[in-house]
Amino acid sequence: MGWIKKILLSQKSYNQDKSLKHEQLSLGKEAPPLSKDLKENQSNIEKAFENAKDFKIENIHVGNREGMICYLNSMTDTSLLAEKIMVPLSNSSQQDRSITNLEEFESYRKEFFSGVGYHFHDKLHGLIDDVLAGYAGVIVDGQPKGLSLHVGNIEYRPIEEPSTQTVIRGPKEGFTESMDTNISLIRRRIQNTSLKFETMTVGKDTRTSVTIAYIDGVINEGILDEVKKRIKKIRTHAIFDSGNVEEYISDKNMTVFPLIYNTERPDSAAANLLEGKAVIIVNGSPFVLIAPTVFSDFFEATEDYYQSFFIGSFIRLIRYASFLIALTLPSLYVALTAFHHALIPTDLLFSLQAQREGVPFPAVIELLIMEVTFEILREAGIRMPRAIGQTISIVGALVIGQAAVEAGLVSNALVIVIALTALATFVSPIASFTAAARLLRFIFIFMAAVFGLYGILLCLFFMVAHLVSLRSFGVPYLAPIAPFIAEDQEDVFLRFPFFSNKRRPHYLKTESPLKNPESESPTPPRSKKGGGS
Amino acid sequence: MQRELVEKISLTQLFILVSAFLFGSAIVVGIGGEAKQDSWIAVIVACLLSIIPVWFYTFLLSRIPEKNLFEIMEIVLGKVISKVFILLYILYFFYVSARVLRDFGELIVGDMLVNTPIEVISITFMLFVAYILYLGLEVLGRFSEIYAPYLMGSIFAIGILLLFSRELHVKNVMPILPEGIGPVIGTVFPELITFPFGELVAFMMILPYASKVRYAGKTTIFALIVSGLILAYSSFVQIATLGPEAKLRSKFPLLTATGEISLWDFIERVDLIIIFVVMFGILVKVSIFFYGGLKGLELVFNRPYRAFIYPMAMIIAFMSIIISKNFAEHISEGISMVPWIIHFPFQFGIPLLLFPFVLWKAKVLKSEGKKR
């Protein structure tokens, strides 16, 4: 691992090297303050938006004075602009309003632009930032302050069913790329003043809005401060997806396990908020982040809570089992066929050996061929244009299934192993989590090929030791299991019925530990005296 | 949410560590074989008797609170003399962990990976021990919480599966105490009392780091009793399955016994899977002895113990191979020599020697505290 350290260190010295100073793009550059002279302001703004085709600037009359309005037609809704700003401006009654000082400007705004989001700016770059975010900037001659009015309304993908975390029963809305829509999707579910949204801007060049949502009075203050601190600490030029943010605010990057949960489902985000977690919404990404996260979160789907707790618990156990299968089944195949024949029942051993008769490779090579083939197929399935998807699945099924066996490359039993492993990989509700099992699987296979069962056990030991050492925003990653917290077991391996689930998770150290203390079992209590039906 | 500077382990974790520590190699090599069919009685007797030394250890620690054995020695005996004793203890801890590692290596080589050289097992296993101790005592504690259910579960499952396989013959345990209590006492002293129970002296390095120190002693004794009973149960199962003679002859009686399990022609050769469980016990035992030694090195050389981990781990891997030529020698050393020459002085001798000094020093410290 030494060379990795070396690369990272070289990055550090690169940053300190003064000769390679980073030339910041103009949009973040300190612009001059707004002057009282309209002409000067206008030329400054025009210079800033030089060669921007979508930039519009118009000279207008505001009251009895000269003024100008500027906006980006790519970021604003022109009908909204016309209705809310242009119509009032052209109203004849306003023509004789005098605007000589700030109070008059303010009262002018109140009268004609009420109901439109606004800011006053005394710095030019503040105004430019707002224009970039979909505001219309209004400057009046002789006024040292500029007014920005919100007329932004950009076309976004409509609310659709989430493509990754699908459910049979439960809400089918998914987050979209628009942060405002996402906030509204959460707010619709939690109509409570305690639900807070705080926005900050991240990314020097992209200036992406990042919103932290939390429930005041529930989330642990320390955790909330830590989340805010880490987002403020992000030093990067560009954020395009919550994945970028995730990497910057994770406790540790040198791990294959995701330390922050991501979801496309508003109901999941809302439920997590109420448990005492923070939700991080990144503008432009339909995946919101949820922090802090523990290992068991990745085995919970929202649907567990929408159906009977018996089936919910059962499915959850299946998920844990499939994680183990996805992780160890191929390596167990290698270990058993290559080292420990004794563990295979005799009849099965005979048929296995008979199948492997014509196969020219040792078990591990046979397995690696198929594993790599499968990974290629999977990647192809994701990247390729939708239209050809059908073809590939047929080709894939043929390659993996029949042809490889008939060509004598692999044995039939191995195909079953690979297929089951592949299926088990897809069981976890969160895609980024299965990546861990996919990667570790190869290490397991390698160790099994060298050390047999002992190698697998050693790998499991290393994995668990690593997992146990991880933390997500200060919360131990394996929290309710290790360190063992008895009160939190009601929602880990099994989902207990709601009436017995009265507390928020202990490990989140919430400000109000009880969530529904009055809930009762629907079964009426038996009276002690008996009788009374 | 700040990380605490001193690593702490919870009482649950302490309980699990103590039990896993006691199962460790004891469950692998089999204990109390000399007592024949009464070895399970010997285990119970030894377990109950060893409450006294364990209580004594916790008493020593409680006199000068929040200090581990080596720090107490430093306070009581002064810097120079204590260093001699600490170095001796370090050697002892490292030697015992090498012995435990050897037990495990022989087990894997003998039963699982027949063609693999034992060196490979020692080195890979020590790499893991080094890794987990590098991550810290806290991580070891949480790690053991994950594996503890499997350990306990499988020990009970062995008995039940053997019962269903009709391999459990109670007549093997009869007659109880045919030659009186003599052979039992002969096994308890010196063998059982020093191995595995007396080895709890290594926990004098761990106990001060428990989160609720006041209950640490009680937890340890409780864990000692519980795991003593489980060891006795395991011993009983082994005798009932194999008979006293075969148990004495067998290298790893528990594995031989589990080898008898056969259900539906499907559940067979469970012994290979049991190794999984055994491995966890061994891990805890090696790690705790190793940790004790490393803490000593930290004190003597005044450097964080993490600096010593990898070189020392490799030295222990090497030691585990050179301590004896073959398994027979290893076991006979363990029975005839180690208890008297090595275990007794370090488990009872030096702590007893320390006792009056500690009492005196505690009094001095107390009066000093009052003056202030």
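Just so it is clear, glycine is given a Cβ too, placed from its N, Cα and C backbone atoms.
Positions annotated as transmembrane segment by TrEMBL: B:12-33 (among others). Residues 39-40, 42-43, 46, 99-100, 103-104, 107, 140-142, 144-145, 147-148, 151-152, 155, 187, 191-192, 195-197, 199-200, 202-203, 206-207, 210, 216, 219-220, 222-224, 226-228, 230-231, 234-235, 238, 244, 247-248, 250-255, 278, 280-282, 284-285, 288, 331, 334 of the same chain, all 6+ positions outside the transmembrane segment (B:12-33), place their C-beta atoms under 8 angstroms from a C-beta of that stretch.
Beyond the transmembrane segment (B:39-60), the same-chain residues lying 6 or more positions past its ends with a Cβ under 8 Å from any Cβ of the stretch are 31-33, 69, 72, 173, 176-177, 184-185, 187-188, 192-193, 197-198, 200-201, 203-204, 207, 216-217, 220-221, 224-225, 227-229, 231-233, 235-236, 239, 244, 247, 347-348, 351, 354-355, 358. Taken from TrEMBL, the feature transmembrane segment applies to B:39-60 (among others).
Here the transmembrane segment (B:80-98) has Cβ contacts under 8 Å with residues 69-70, 73-74, 199, 202, 285-286, 289-290, 292-293, 296-297, 299-300, 312, 315-316, 319-320, 323, 342, 346, 350 of the same chain, all six or more residues outside its ends. Feature annotation from TrEMBL assigns transmembrane segment to B:80-98 (among others).
Per TrEMBL, transmembrane segment is recorded for B:118-137 (among others). Beyond its flanks by at least six residues, the transmembrane segment (B:118-137) meets 7, 9, 101-102, 104-106, 108-109, 143, 206, 209, 282-283, 286-287, 290-291, 294, 306, 309-310, 313-314, 316-318, 320-321 of its own chain at Cβ-Cβ distances under 8 Å.
Annotation source TrEMBL lists transmembrane segment at B:146-164 (among others). Listed as Cβ neighbours of the transmembrane segment (B:146-164) (distance under 8 Å, sequence separation of 6 or more from its ends, same chain) are residues 16, 19-20, 23, 27, 230, 233-234, 237, 240-241, 254, 257-258, 260-261, 263, 267, 270, 273-274, 276-277, 280-281.
What TrEMBL records for B:184-209 (among others) is transmembrane segment.
Counting only same-chain residues 6+ beyond the ends of the transmembrane segment (B:221-243), those with a CB under 8 A from a CB of the stretch are 14-16, 18-19, 22-23, 26-27, 30-32, 37, 39-41, 43-44, 46-48, 50-51, 54-55, 58, 152, 155, 158-159, 162, 167-170, 172-173, 196-197, 200, 250, 253-254, 256-257, 260. The transmembrane segment annotation in TrEMBL covers B:221-243 (among others).
Under 8 Å from some Cβ of the transmembrane segment (B:272-293) lie the Cβ atoms of residues 17, 20-21, 23-25, 27-28, 89-90, 93-94, 96-97, 100-101, 103-104, 107-108, 111-112, 125-126, 128-129, 132-133, 137, 140, 144, 147, 150-151, 154-155, 158, 199, 202-206, 254-255, 258, 305, 312-313, 316, all in the same chain and six or more residues away from its ends. According to TrEMBL, the transmembrane segment annotation covers B:272-293 (among others).
Listed by sequence, the residues of this chain that lie at least six past the ends of the transmembrane segment (B:305-328) yet keep a Cβ under 8 A from its Cβ atoms are 94-95, 97-99, 101-102, 105-106, 110, 118-119, 122-123, 125-127, 129-130, 133-134, 251, 286, 290-291, 293-295, 297-298. The transmembrane segment annotation in TrEMBL covers B:305-328 (among others).
Here TrEMBL flags B:340-362 (among others) as transmembrane segment. Within its own chain, the transmembrane segment (B:340-362) has Cβ neighbours under 8 Å at 53, 56-57, 60, 63-64, 72-73, 75-77, 85, 88-89, 92, 95-96, 190, 194-195, 198-199, 201, 204, counting only residues six or more beyond its boundaries.
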